[in-house]
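Chemist: I am attaching a structure below and will ask some questions about it afterwards.
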Amino acid sequence: MELDPLLLSRLQFAFVVCFHTIFPVFTIGLASYIALLQGLFFKTQNPAWDRLALFWTKVFAVVFGMGVVSGIVMSFQFGTNWSNFSFAASNFLGPLLSYEVVTAFFLEAAFLGVLLFGRGKVPQGLHLLAAIMVATGTFISAFWILSANSWMHTPQGVELIDNRFHVLSWSEAIFNPSFPYRFAHMAIASFLTGGFVVAGVSAWFLLRGRDLAANRRALSMCMWLLLVLAPVQAMVGDAHGLNTLEHQPTKVAAMEGHWETSGNVPLLLFAWPDQEAQENRFEIGIPNMASLILTHTLDGEIQGLNEVSPEQQPPVALVFWSFRVMVGIGLLMIAAAFAGLLLRRKGRLYENRLFLKSLVGMISLPFLAVLAGWIVTESGRAPWLVYGIMTHAEGVTPSLTGAMALFTLIGYVAVYAVVFYAGLYYLTRVVRNGMLPESEREEVDGEVHRPKRPLSAAHTPFDDDAESVRS
Amino acid sequence: MEMFDLSIIWAGIIGFGIIMYVLMDGFDLGLGILYPFAPDEQARDVMMNSVAPVWDGNETWLVLGGAGLLAAFPLVYSVFLPALYIGVFLMLAGLIFRGVAFEFRFKSQRNRRWWNRAFCWGSAVATFAQGAVVGAYIQGFQVEDFVYTGGAFDWLTPFTVLTGLGLMAGYALLGSTWLILKSEGHVRDWAYRITPMLLAVVLFVFAVISIWTPFVDPLVWERWFGHIHLIWIFPALALLCALLVYRGVRQRRDGYPFVATIGIYVFTYLGLIVSKWPMIVPPSYTLWDAASAPESQLFLLIGVLFVIPVVLGYTAWTYWVFRGKVRVGEGYH
């Protein structure tokens, strides 16, 4: 079988970017949560807030460190595998990606050290400021990256001269049509991710009766937050979808598994899209619902995949199913938030073990939803790299062979498997040791304090005897 | 075109970033290379502790350089990375393993042996790849119409293997002289013992590369044996610095060898730049050919001019806070 460098490059990019996304999507939400906890402590001087902030800062440190490590790879991917694209788009993408790096460094140099190591050493107000600046910085980083990505979906403000994009208007290019929707959708996704992780971990601590005062507060806050944000995310997602319908109708057609342009389109709950036959097998749907959602009329016409030739269609089954995974998890989140409200009104929010256990089980779901959502939007753009202007095939590195791409794909999977395993393993130990009174906590013996490096903010040992970890 | 040539300014910024990276990550990568030869585990702790507060700040310059190249000289980015595809992967894999090993070694007892190995191998592979990049730059790239057209292993030649091994010796020298500066007792004695040997290896490779390079690239031949005699000052100064390293070791003056080694690097680097100037993608593209649009260079310049002083200030402050010797059995507190 011939190895296809294009397919392998796409797989590789998908792999490294999915792996990387897991970390920032969590740290963006968590940074804001830590800033909130610091603010509450500053205002009320209630030590419970301080204990929570301390614990979550340790988790933040480890996750941030892993995000930085996986991010280094990202900054080289564009050149190694997509050199034609990088060269063509460099006038716009270069400054944007660099601004992201610059923002991250500025943040790390100036404020992260104070947040991680300044507790008790700098005035409380300054520590709070550092937390707020770190949270702000994560959003500025996301701003640049999402702007660059949105431009690839809805390019504008540029002119193509001699196969290179030249920027005519920075503001038009940066604030391109899909950017506000994507940014809002992703920002809320980050808060939801942070919210569900904090809720799940707090529930885990409550199930073990650890630091009840602090963890009840944390869980209560999270459930209020999720009660607001989970439904809001559904609405923002809907608006994002309508924006996509306007600019990338083929993507929406793939999301809905809609082959022929027509009115009275049903909302498919289940189907098996068959790209070769250009039709679905085993359709089960709600009549007219898709028309209603997308056009706000029952018989509204929706453009089908048949408007473009089969070569210009995205991989329909992947987009269709990823979309259903994302929406399904979103609905589950809304259900969990309302279940929390019901239990709160009965006064059993902190005692209902089934609910608490479900929350623990839901920790991984927001990450899955985010990855599924990104697969929808990125695969849905195929075969375009810059929508309507440059295809994946045109953007890939011409000198790349299938064997080279396969070698690095296997290499990155192997490297990340080790790093991810070590990181996740360590993170679970940090959590297991979390929120214990100081005397019961495991610390690294003679730990040397080395500032500035995120991971040194956590003092949990990496191995030693597993039994001594209190569960 | 305007009052300033933005491409020259950017060449200056990126050139500065590269030498900062080489010097700063150089000594901590060098310690990784020397790791298996350390006399005992105590010495390894001292080595680790001496770079622990600063190493990841050192690597920020690498990322800044990579992103800056895409923005300011996209041709470099879109030719070097495909041409060095396998090498770039090895370097990144090496740096990742080494970074993770750095963190978890301290928190680990039972698995420490494995983290030690990851630290050493990661450092060695990353360094070799960086040295090979320098060699590949001197060799030049097969480029047609702004697109790399060579093969996957064009970068791997006897010449680049030599530059790769040469940089390993060079980083090890930076590492050993850094250790002289930062340690005492038996650890420093060991560093003093190995420094002259490393210096000899570095000088040998330096000589071979200097003789070989003009034959690899006719432009370099023309530059060195043409009319401009002033440029011979750079190799002369580099050799003088090598002599100072040796003297510093003989007289046991702890600060001298490290500073003089930095001198060797700076003058060799300047020598390389004047050999190749203004070719940035040899053999045929100058830095103006490789540049992005002026408005893009300007757009980013504003942010970078604001951030570089902050990063420099913070870096200087970190080094100041952690100045002085690292003792056996103790880290910084």
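Yeah, the Cβs are placed from backbone N, Cα and C, and that goes for glycine too.
Residues or ranges marked as region 'Disordered' by TrEMBL: A:441-471. As annotated by TrEMBL, transmembrane segment applies to A:12-41, A:53-76, A:96-118, A:125-146, A:183-206, A:218-236, A:318-342, A:354-376, A:404-427.
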Chemist: Which stretch from A:12-41, A:96-118, A:125-146, A:218-236 shares the most C-beta pairs under 8 Å with the transmembrane segment (A:354-376)?
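Modeler: Counting Cβ pairs under 8 Å, the winner is A:12-41.
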Chemist: Count the CB pairs under 8 A between the transmembrane segment (A:53-76) and each of A:12-41, A:125-146, A:218-236, A:318-342, A:404-427, then give me the winner.
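Modeler: The stretch I would name here is A:12-41.
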Chemist: Considering only Cβ pairs under 8 Å, which range in A:12-41, A:125-146, A:318-342 makes the most contacts with the transmembrane segment (A:404-427)?
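Modeler: By the under-8 Å Cβ criterion, the transmembrane segment (A:404-427) pairs most with A:12-41.
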Chemist: Can you work out which residues elsewhere in the same chain, 6+ from the ends of the transmembrane segment (A:12-41), have a Cβ less than 8 Å from its Cβ atoms?
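Modeler: For the transmembrane segment (A:12-41), the list is 47, 49-50, 52-53, 56-57, 59-60, 63-64, 66-67, 70-71, 73-74, 77, 81-82, 115, 124, 127-128, 131-132, 134-135, 137-139, 141-142, 186-187, 189-195, 197-198, 366-367, 370-371, 374-375, 378, 405, 408-409, 412-413, 416, 420.
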Chemist: Quick test of the contact rule: Cβ under 8 Å, at least six residues beyond the ends. What residues does that give for the transmembrane segment (A:125-146)?
Modeler: 24, 27-28, 31-32, 34-35, 38-39, 42, 53, 96-97, 99-100, 103-104, 106-107, 110-112, 114-115, 118-119, 179, 182-183, 186-187, 190
